[in-house]
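Feature annotations, courtesy of TrEMBL:
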COMPBIAS  1111-1126  compositional bias 'Basic and acidic residues'
COMPBIAS  1149-1161  compositional bias 'Basic and acidic residues'
DOMAIN    24-104  domain 'Ig-like'
DOMAIN    109-195  domain 'Ig-like'
DOMAIN    220-290  domain 'Ig-like'
DOMAIN    295-379  domain 'Ig-like'
DOMAIN    416-507  domain 'Fibronectin type-III'
DOMAIN    508-598  domain 'Fibronectin type-III'
DOMAIN    603-696  domain 'Fibronectin type-III'
DOMAIN    706-799  domain 'Fibronectin type-III'
DOMAIN    821-917  domain 'Fibronectin type-III'
DOMAIN    922-1019  domain 'Fibronectin type-III'
REGION    396-418  region 'Disordered'
REGION    1082-1161  region 'Disordered'
TRANSMEM  1050-1075  transmembrane segment
Amino acid sequence: LSFYNTFMDLLFLVEPVDTLAVRGLPAVLNCSAASDAPVRVEWKKDGTFLNLVADDRKRQLADGSLLISAVVHSKHNKPDEGVYQCVATIDNLGTISSRTARLTVAGLPRFLSQPEGVSVRSGGTEMLSCEVTEELAPFTRWERDGRPVELDGRVIQLPSGALVISNGSQSDAGLYRCSIDGLGPAKTTDEAQLQVSADSGVEEKLETLQGPVAVAKVVGESVLLPCVMKGYPVPVIRWTWLAFLKTRERFAVIGGGSLQIVNLTEEDAGIYVCQADSGNMTSEIQAELTVHVPPRFLTRPSNTYAQESMDIIFECDVTGSPPPTVKWMKDGDTVIPSDYFRMKQHNLQVLGLVKSDEGFYQCLAENDAGNVQASAQLIILDLDVALPSAVPSLTDATTDHVASGPSERNDPTPSAPRDVVASLVSTQFIKLTWRLPAEPHGENITYSVFYSLEGTNRERVENTSGPGEMQVTIQNLAPDTKYTFRVVASNANGPGESSTPLTVVPGPAPNLQVVSVGTSSVTLSWDRPVTGNGEIQTYRLFYSEKGRDSEQDVDVTGLSYTMTGLKTFTEYSFRVVAYNKHGPGVSTEDVVVRTLSDAPSAAPQNLTLEVLNSTSIMVRWQPPPAGTLNGELTGYRLRYRKGLRRADAAEISTSQLFQLIEGLEKGKVYTVRVSASTVNGSGPTTEWIAAETFENDLDESQVPGVPSSLHVRPLVNRIVVSWTPPENQDVLVRGYKIGYGIGSPHAHTVTLDYKQRFYSIDNLDPSSHYVITLKAFNNMGEGIPIYNSATTRPQSDPDIDFYELFNNPYTPAPDPTPMLPPVGVQATVLSHDTVKVSWADNSLAKNQKITDSRYYTIRWKTNIPANTKYKTANTTTLFHTVTALKPNTLYEFSVMVTKSRRSSTWSMTAHGTTFESIPSSAPKDVTVISKEGNPRIININWQPPTEANGKITGYIIYYSTDVDAEVHDWVVEPVLGNRLTHQIQGLTLDTTYYYKIQARNSKGMGPMSDAVQFHTPKGKSSTSLRLALTLSRLCVSDKPGITGSQEKRVLVIVVIVSVGAFTIIAVIAGAVLCTRRSNSHQKKKRAACKSSTGSHKYKSSSKDLNPPDLWIHHERLELKPMDKSPEPNPVMTETPIPRTAQDPAAEPSHQRRGESLRHEAEESRRGRLALYPHSCSCHFSSLCFCFWLFFSLRCFASLNPNSNTAPLAWLSLSQTYETDELSEEMAHLEGLMKDLNAITTD
């Protein structure tokens, strides 16, 4: 390789760094470049080359550094501040640029505030402020009595310039002043007296002098997080980081509580919390420390050899925090992405190389912590020059081809490939095929395809995958763009002749049509491609939701397809690709279609009511959640009614997100709900929201009075305005108007809502005098204005945030006069978690107007548990709304006032109990046990919920055999009062039940408990079977011990035969009666059977139904009549709990009582039928058989009371049943006879 084809080392030995310069003094930006060839160094400022010949203050030193002899800097002329960059060039070869460096000039020495005299207890902590701009802080120093203050772990200087003295003693007393050195003549503040007083033992409230603030530092630097507290007892300060205490060696607490961290690492970033404890007082302040990591190269770009038409890639991988941004430069100019220069992640791809692409390429990475650069050289060799090494390439085929390099061309090379055709054309790729050259001149022929865009000289190359391969697919083409292709064959002697250029334009797409046929389906159809280059094997349908990058596909064999399962009223994009044996073909253009609309599936959100006066209410809401509208919104339907009961509601249609309801009655409660509508109908409605109109209206027959106060706070580019309303609160105020301007308040006007109490006037000019006016207005007109004026601060002053503005007022020296505590403290409960605390201040004027910087501190706590700490809040008004309280909890509140550094004692205590709220937790410890001796009865026990949020008024027990059933399909049993146990009867044996419990108070129902599983035990043999067995024993006449006359036995047989005949007659009669039932009666019976598929099944205690329900369980041949006693079950409530947690539309008690009993009876019958699914198919013959069995048994027992037959019959029964059980079964049979008689006579 020649000299010009070898890589040239060109690098920076020294690069410029950020510099803080001083006005009038010299400044140097270092830079030094090295290379084997002569290097020319130049400088850029803010991206433009400096003309050092025309600037007598700037000159370049011998090593390339830039010297500014005297820095010039003023308010309106800052020629030297900016971003500098060093540029090194080798003529006719290339250029590289250094990293950038910012030159900052320190401002004029000036103090934003003066230190003030203070007094500190012996052993206490105090701070002397020295407020300067950020760039002046490193130049500040402190003196005491004219001598420099020695800083150590007890006396420290904060980053802001303030001096902190901890563990004060008499040696610290003296006159202190702050000075700025190193920026010309020293500038000092006024002297401030620090007095040290003896420890009096009097408690002093905890006060924060300086807390930590969010700060960002670079790895390796140091940081000081201030935490300066004063009070008595002396505060104990602890630091925590991410919830645990720091104990590393690089961490130290100095100055009585400030945290110093040296040699920062990335792991030190996080939230730091300063906690101070002083007696019963606690304070906690947190701040976030961000640690930035400068960019660092993981992979640097490397020098590269290449040839024309190749594709190469420069790799560049960097890391840092925050993640660096990367840009590329070529010979000092920024690389602009294009079709041939592509940036993939941080790497640079250069496609279709040409000779002019040679030069130096640089990767520049930058973040908030700094910037770095790395360079590489690209040399493009001629085609007859072998590449010395493998080249970083986009494809292995390209590397294999170019790395081999040509040899001496003494032997013949192949002729041009023949019959080059585009066998498959798509919108984004083309498949080329060709035939072997007529004269290959050897074996193992390889091929290269060169292609370019029409009208460009850049040609890219794609190589076949192996020798003898005569096809290639060119991908990532631009649709509707003309390309030119040519193919070159190569043998061992090198590349041969090129084929004739072939120009190809991607072919047309088939006729794709998409029609929406439903809310979730579309139908697609298309034509067969005109030229498919082979039989079509399948079509692939691609579709995606609009706005989504992911694409799904489905294979289709025909020319149409119906797509289902799509989202309602959603746009989808569809395209079709045909496949043959060669692969995919032409892709159609994307066709976008929207599925049909439907009614909304969700209600509007955030419904609010605002009572404007005694006869109107303003209603506002937000649209339903995104994705639930299901169509084009046509409007909203608003319904409102008077009162909380169910009543006729009026309806209003609107297309706005608000509606004014007028013409209402004074002092009445109105409820409102809203639903959204599309062309397909209305969606779900919101819950009813209630509001009460005013009893009387405010006066609007006159304009409002003048606002009682107007305060202004000027900043650099804005003025913060705050005010209080007019003193006459009986006149209606609908809003305020602020006028402002330079010298006149009429230049600009802002209209504000009547609730507004402050406003920030932005985009103002610095150092300008503004006149401001404020006036209230209503429908009668505008009131009398109040005026004020302010001058905005100079541009060099720092801005002040709202937190500092409202929470850190300026505090002068202490005033020995104590403040009077607030009086008349009242706690007004507003809701379950909100209490409004109000008070009066006797130190104010009679109108209670606050005109100074005083503020009030409210503290509150509850006595449960007893060791609860106070919580506090500050306000500048005579009331404060305390939120986030616990429901149904007694709180105590007290208030103190602070003005400057004076504070009052705490006021008298006011108490308030928050309202109840629905339970927020479920009953706990739910257990189920079976009753001993009766497996059909269970006892369920539980404990009250942990968060009852009020007095528990009852519980609801849900049980079902299907744990996955809908909640309305569970059987419900209510429990009145605060009882913690309940008995459930009539369960099915050998069945798994699931139980849930829900607590209720006056506000509604809480969440359900988790399902508890219980399996009822297996029972004895069925009653009918046991009676049949008893009868068989009774009828055996040859048992030992049975005696009696033959006549009595004949009598028994006659009686049994007679009863049997009667049974047969009863069966026939019953059948005839059943067939003659009316159709309406049949429908009633079937309706009763189907009642299980309804809402909640309330299992009631009322059983006075006519006719009685029968519990008939065919699987066990058992018949049970329901108890008809009118007395309620003592374990049940008399009235079932309604379906909703609260029903404001309560009806009169006697009507509700009657309807509840009727509803309870019907629901009880349905609930029992639901538990016994076969109870609707009772066979009449089974009833008759049971009747005959019972009658025969009674006849045996009553033949002769003195004979041995009856005792034997009862003895036989006693072998199967206990006495109580037998009596129960006989009572069931008697009830069965009555039920049979009722059915047959129906």
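Glycine residues also receive a Cβ, built from the backbone N, Cα and C atoms like all the rest.
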DSSP residue counts for the domain 'Fibronectin type-III' (922-1019), split into helix, strand and coil: 3 helix, 56 strand, 39 coil
Top partner of the domain 'Ig-like' (295-379) among 24-104, 109-195, 603-696, 706-799, 922-1019 - counted as Cβ pairs under 8 Å: 24-104
Selection from 24-104, 109-195, 603-696, 821-917, the stretch that has most Cβ pairs under 8 A to the domain 'Fibronectin type-III' (706-799): 821-917
Counts of helix, strand and coil residues, the domain 'Fibronectin type-III' (508-598), according to DSSP: 0 helix, 44 strand, 47 coil
The domain 'Fibronectin type-III' (416-507), counted residue by residue under DSSP: helix, strand, coil: 0 helix, 47 strand, 45 coil
Rounded mean pLDDT for the residues that make up the domain 'Ig-like' (109-195): 87
Counts by DSSP class (helix H/G/I, strand E/B, coil) across the domain 'Ig-like' (24-104): 0 helix, 38 strand, 43 coil
